């Protein structure tokens, strides 16, 4: 189980699920008149970060693994609205026996999530925003474990690569370069990932 969200307790009603089965990703959902079961065209490679994109518009859904082919499918007619009233679960469920039996979920996920995007919005700090969790720990593997950034830099994972957010006075790929004797008249450069923050508000 990667992800599960249902409509009612005890596994009844609509649901949406993302599963990993024999190294293939499966996207399943039921709008109330029969499930859609969409499988990725490519298998995942273990010990490597992947991007999974699952979308649904009315009855039609699509699934893509990384930059591979997009696979599509449809749920059965006539219903086309997804109703989800229960909490969203990542990686596991407290009582698997109460999950919708059509979801295909048989076990919890053993692995790591780097980022979650729901309806186009990035969910930052998954553990902080979660209502509850059970034995969820920090992932210390690559690309940010051990931390490749020097001088107190913060490692920001980007799939199999990383970007270092450097403290003031340091720059470079690993925050390894100390900035000294910078003239106040010297131009500064932005790369689209950095910013300057000032305490003063603009007065109009």
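Each residue, glycine too, has its Cβ placed from N, Cα and C.
Caution: TrEMBL annotation is automatic and unverified by curators.
Listed features, source TrEMBL:
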- 166-175: disulfide bond (DISULFID)
- 1-144: domain 'Laminin G' (DOMAIN)
- 140-176: domain 'EGF-like' (DOMAIN)
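Through the fold, the domain 'EGF-like' (140-176) approaches residues 48-51, 112, 114-115, 193-194 of its own chain, all at least 6 residues removed from its boundaries and within a Cβ separation under 8 Å. When the domain 'Laminin G' (1-144) is classified with DSSP, helix, strand and coil residues number 13 helix, 48 strand, 83 coil. For residue 175 (disulfide bond), other Cβ atoms within 10 Å of its Cβ number 21. Within the same chain, residues at least six positions away from residue 166 (disulfide bond) with a Cβ under 8 Å of its Cβ are 149, 151, 153, 172, 175.
Mean pLDDT, taken over the domain 'EGF-like' (140-176), works out to 88 on the 0 to 100 scale.
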